[in-house]
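Following: one structure in structure tokens, then a few remarks.
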Amino acid sequence: MSGFKCYLQLGDRLSQIWLNKYTLVLLLAMLKLLFFSKSIQHAIEVSETYILSNCYSIDSLYSKMTDNTPHYLGIMGNYLIEKGMEETVKATLETLSLIVYASEGLVNFAIDLYLGTYACLIVSAVDGTVDVATNTTEKLISLVNDTVSSVANELDTGLNDISKIINKVIKAASKVENFFTGDDDDSNMTSSIKSVNLTISALHNLYIPSSINDKLEELSAKTPDFAQVKNTTKNLISVPFNEVRKNIKAVNASNIIGDTSVLYVPPVSLDNSTGICSSNQSEILAFYSILGQVLKIATVVCITVLICFAVGAMAPVAWNEIKLWRRLCGMRDHYMLSRQDSYTSFSSENTHELKDPFRDPPIQNGQYDVIASYQQCFQTWNTRIAGWMTNLVTFGKSPENIDPKTKQKIEWVVAYMTSERALCVLGIGLLGILVCICQFVMIALLKHKISHSLTSNDGDGVQNLLKSSTAVDIENQMSLWSVQTNKYINTTETNINQEVFGWINTTTLSVNNTVATMISDIDTTLADVFNGTLLYNPMKTVVGCAIENKLYTIEKAMTWIHDKAQLHIPRINGTQIKQALAKQADNSTIPTASSTSAATENLLENLVNDMREGLLKILRAYHRITLGELTVALVILAVWLVQLPIALVILRLRLRKATFD
């Protein structure tokens with residue numbers, strides 16, 4: 001036992017070089033690559049089986065996509081053509097109506113320019129003459145009536161005074177006559193003139209009656225004004241134009257475009273003539289066969305290379321162990337030689353006593369091993385595990401009663417099993433078991449989810465979702481397409497109205513502002529010159545006939561152009577397109593509406609069943625693969641457990657050798 005140590009010696013270390021991390025990693029990579037190859041091979045086989053078993057479904061789906069696409073494109077195209085033609089006819093009719101409006105406006109403007117001007121001037125002359133005559137007679141009547149009344153009053157006053165004087169003279173003459181004659185006979189002249197009353201009362205009743213204006217006002221009332229003349233002319237001219245517009249509005253655009261039933265719609269194909277899968281079955285088999293061969297060759301080559309590297313990695317590891325052991329032994333020898341000078345003291349019996357620099361308990365027989373100290377210092381977990389194992393084996397004994405040799409044996413076995421390489425194997429094994437447990441949990445959850453979701457009895461199952469998702473997806477895509485297309489149409493319409501008709505709007509607004517300014521300036525000038533005179537109304541009427549009425553017509557025309565100079569592009573209604581497709585499907589004479597729906601439903605059911613079986617088959621395959629990985633992890637853990645009997649065998653051999661020595 002004198003040569004037995006509690007730590008691993010060079011031979012012990014070299015016995016574990018095949019457990020180095022490089023070899024183990026390469027071996028694990030080889031196994032993982034092998035499992036991966038098997039997984040790929042199995043997935044390829046599943047894919048091959050699935051494709052070959054669903055050739056009819058694939059052919060049917062491909063046929064529906066390729067053969068029936070013209071049918072639905074034809075329906076949508078015919079609908080768009082119909083709506084486009086209808087909107088074109090409506091736009092043409094609207095254009096004709098605008099042309100009629102413009103023509104009527106031009107005719108009215110021409111009539112107003114030539115005939116209207118003269119008619120307006122004639123009416124204005126009559127109205128102006130009557131107005132001047134009326135104003136003149138009113139002034140004259142007022143002047144005459146006021147003057148005659150004043151003169152009559154003044155004459156009455158003068159005549160009254162003269163009458164009083166004459167009466168006084170008559171009275172005096174009568175008295176003189178009576179004095180001289182004394183005759184009371186009243187037959188003479190003086191008796192006949194009692195008094196004199198001079199008056200002009202009849203002159204008070206002299207006046208010019210106001211009824212003299214009635215004839216003039218009656219003439220003015222009977223004379224038509226320009227507005228009446230203009231309205232009468234416009235009404236006569238608008239008769240044919242209104243008739244044309246009425247006929248245009250009565251036109252039905254839907255009747256003009258003709259019978260849309262003559263538009264051809266490609267029929268729905270009922271057969272699966274486009275057999276993209278069944279017609280290429282031999283090529284599919286050959287392709288999968290080539291894939292399998294390539295996979296096998298690549299797997300063999302890679303595994304061979306990995307094995308060579310794994311074996312080759314042992315040589316540098318062994319060489320490193322030898323060099324490390326030599327350094328450790330050199331360190332120990334150097335320490336043993338140097339301790340005589342640094343760490344010795346002489347007792348009374350001239351025996352050497354070792355000064356332990358790590359403050360360890362005194363070692364019997366005066367032996368101190370620096371490698372043991374190194375292991376205790378730098379491999380603390382090994383030392384702790386060794387202490388736990390010693391306490392477990394010697395349960396119930398105090399540390400002082402434990403045999404040092406037994407303790408050394410336990411520490412050596414623990415050191416052998418907890419070496420860096422052995423712990424690496426243990427860690428890999430435990431990690432592999434943990435990964436396998438996680439994989440089993442995931443597989444169980446996936447199986448439960450697949451079995452629960454891919455059932456036809458579940459109302460929220462994938463099968464029902466697939467049945468309803470087609471229509472929903474078409475409707476959503478149609479709505480999205482119509483919205484995006486309408487956005488494009490809105491942008492285009494705005495750009496056209498701004499870029500093409502923008503200058504028209506700017507011009508019409510500028511012309512209207514100019515016309516309004518001109519009319520305001522003309523009215524201001526007339527008011528400044530003729531306001532308060534008899535010529536103001538006639539001049540205003542003449543200027544209105546000759547200039548302002550034309551300006552108002554131009555302003556009205558510019559406003560009409562401003563309102564009409566805009567492009568309105570019809571929008572796309574996704575709901576109408578969907579209704580047209582549904583109507584076409586209802587009116588179709590081809591018996592594919594119900595049969596296609598039933599076939600599609602059966603096809604979806606078959607696809608769901610195949611999908612469920614395929615997924616479960618793949619999960620079962622990965623379950624088997626996970627079992628294989630768990631087996632490998634358990635084998636790795638067993639390799640670590642094998643280190644215990646190996647350590648016991650080595651320990652027994654050394655003990656026997658020490659006994660023989």
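Cβ atoms here come from the backbone N, Cα and C positions, even for glycine.
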ALA102 vs LYS296, membrane side identical per Swiss-Prot:
no
Reported as an integer number of Å, what is the Cα distance between ASN573 (N-linked glycosylation site) and ASN490 (N-linked glycosylation site)?
14
Distance between ASN231 (N-linked glycosylation site) and ASN505 (N-linked glycosylation site) at the Cα atoms, whole Å?
29
Taking the transmembrane segment (297-317) as the reference, which of 17-37, 425-445, 630-650 gives the largest number of Cβ pairs under 8 angstroms?
17-37
Could you tell me the C-alpha distance between ASN512 (N-linked glycosylation site) and ASN505 (N-linked glycosylation site) in angstrom, no decimals?
11
If we check Cα distances from ASN252 (N-linked glycosylation site), which of the glycosylation sites ASN490, ASN505, ASN531 wins as closest?
ASN490
Would you mind checking how many other C-beta atoms are within 10 angstroms of the C-beta on ASN573 (N-linked glycosylation site)?
13
What mean pLDDT does the predicted model reach across the topological domain 'Extracellular' (1-16)?
72
Taking only the Cα atoms, work out how far ASN531 (N-linked glycosylation site) lies from ASN505 (N-linked glycosylation site), in Å, as a whole number.
37
Across all chains shown, how many C-beta atoms besides its own are within 10 angstroms of the C-beta of ASN505 (N-linked glycosylation site)?
16
